[in-house]
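**Student:** Look at Swiss-Prot and you will find T45, C46, N47, R48, S103, E108, D109, Q110, Q114 tagged as substrate binding site, backed by sequence analysis. Summarising the annotation, Swiss-Prot assigns active site, nucleophile to C46. Positions annotated as site 'Important for activity' by Swiss-Prot, on the basis of sequence analysis: H93. According to Swiss-Prot, the NADP(+) binding site annotation covers G179, Y180, G181, E182, I183, G184.
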Amino acid sequence: MIGVIGVKRNVDIAIREKLALYPKKHKKYVGELLNSFKEVVILNTCNRTEIYFNCTEEISEDEIFDKIFNVFNWNDDLKKYMFLSKEKRAVTHLMEVICGFHSRILGEDQILGQIKDAYKTAISDNSISSELQKMFEIAIACGKKFKTKCKMFEVPVSSVSISINSALLKGCRKFMVLGYGEIGKLAIKHLLSHKVECIYLIVRDKSKASDLEGEIVEILDFNEKNHVINEVDCIVSCTAAPHTVVRNEDIKTEGDIIHIYDLAVPRDVDKELSEKERVILKDIDEISKIDDKNKKIRKERMEEYKHIVEESIEEFLNWLKIREVSSKIRNIKIRENEICSERIKTFSNKGNGENAKLAERMIKSTADAYVNRAIELLKSEALKGSDSSCAEIIEKIFLT
């Protein structure tokens, strides 16, 4: 059984923080999950916590929740904020997620890269090998095709772009970006495309961003951030830290207005900062509600190409159905070869060499024609969901 357990949409950030996973514990999580499930993929982003699994034996929904909650040491009171989808619903969920239908910013395409990373990590961890591997391969192809066909770059919108556009409209010109992961890189790229006065990039390892050092970009480590934090008029924070990185005492009470956009989950910024008159603080939930004229255009375009999602769902479900009869097909081919060998051997003992070769070709050709037709019929019935009676008849003909 294929399934996914994750945080429901529109759950408050205060709850999502309690369900966030820490990357440093990833190996431990996977090892423990594989004690209960055949395959596992963990999708852990600033806005999404989902565990995809495949189990070979029947297991109740309560057992699934218990096993997963025990691994992550989550409080049972949080179960009401989680969803569980199985089989086709789980497949549909992944295909829609990778195309941006479930993103807080509709159509935000960072999720495609995040799912690709989760898939590569699962391959590296040897935590997928069959059904989940195929499902993620088809999903990634689906996401790429959807992104190409929709041409979302023509109507860009993301938590990063919305935050920075909002700040620019408010007159911000001096920026600080905390973190240089995928979101941080997008923030820097977006800022460099506008006429801003300066950008302070705060990182733990300066060497990873050394190519950015220039006229308006200054790279500092976290120990140096407070030297300049009160000089900027906008902070974009997007680290993967499990703790607060911008504390209440870091920002002076007196001074010009400072806009802070906290894109992280768990939150990077002390929420008490919003009590200071000079601070305008928005977390990821508030950012996703900022009106953007491109949202409506993107929604219409996404609906136009939703057939790509539906086709990918069907492709995977058909693969599953064919896979179920693959062992029967192998057995039929093996039996075909055995029968052909017996007949050819019998004829070879009776005829001359040249006739024997001709007979071998004819016997093999005739056998292939009938066996291939039987296999086509078996696959066709499998796709219709009525392969059991067909398989029984074919087995009686070829395997008994």
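Any Cβ shown, glycine's included, is placed from N, Cα and C.
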**Student:** Measuring Cα to Cα across T45, C46, N47, R48, S103, E108, D109, Q110, Q114, which the record gives as the substrate binders, how far apart are the two most distant ones in Å?
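**Tutor:** The span, Cα to Cα at its widest, is 14 Å.
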**Student:** So around the substrate site, T45, C46, N47, R48, S103, E108, D109, Q110, Q114 aside, which residues have their CB within 8 A of the centroid of those CB atoms?
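**Tutor:** Along the chain, the qualifying residues are R104, I111.
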**Student:** Find the one among the recorded positions H93, Y180, E182, G184 whose C-alpha lies closest to that of T45 (substrate binding site).
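**Tutor:** So, spelling it out, the nearest of the recorded positions is E182.
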**Student:** Taking 8 Å from the centroid of the Cβ atoms of G179, Y180, G181, E182, I183, G184 as the cut-off, which other residues in that chain fall inside it around the NADP(+) site?
**Tutor:** K185, L186, A187, C238, T239
**Student:** Starting from each candidate's C-beta and looking 10 angstroms out, tell me which of the binding-site residues N47, Q114 has the most other C-beta atoms.
**Tutor:** N47
**Student:** Enumerate same-chain residues with a sequence separation of six or more from G181 (NADP(+) binding site) and a Cβ-Cβ distance below 8 A; give 'none' if the list is empty.
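**Tutor:** In sequence order, C238, T239, A240 meet the Cβ cut-off.
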**Student:** Does I183 (NADP(+) binding site) have same-chain partners at least 6 apart in sequence with Cβ under 8 Å from its own Cβ, and which are they?
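**Tutor:** Listed in sequence order: C46, Q110, S159, V160, C238, L263.
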**Student:** Tell me, by DSSP, whether N47 (substrate binding site) is helix, strand or coil?
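**Tutor:** DSSP assigns N47 (substrate binding site) to coil.
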**Student:** Compile a sequence-ordered list of residues in the same chain as Y180 (NADP(+) binding site), six or more apart from it, whose Cβ lies below 8 A from its Cβ; state 'none' when nothing qualifies.
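**Tutor:** Result: I188, L201, V203, K208, A209.
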**Student:** Please report the number of other Cβ atoms within 10 Å of the Cβ of C46 (active site, nucleophile).
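**Tutor:** Looking across every protein chain shown, the total is 25.
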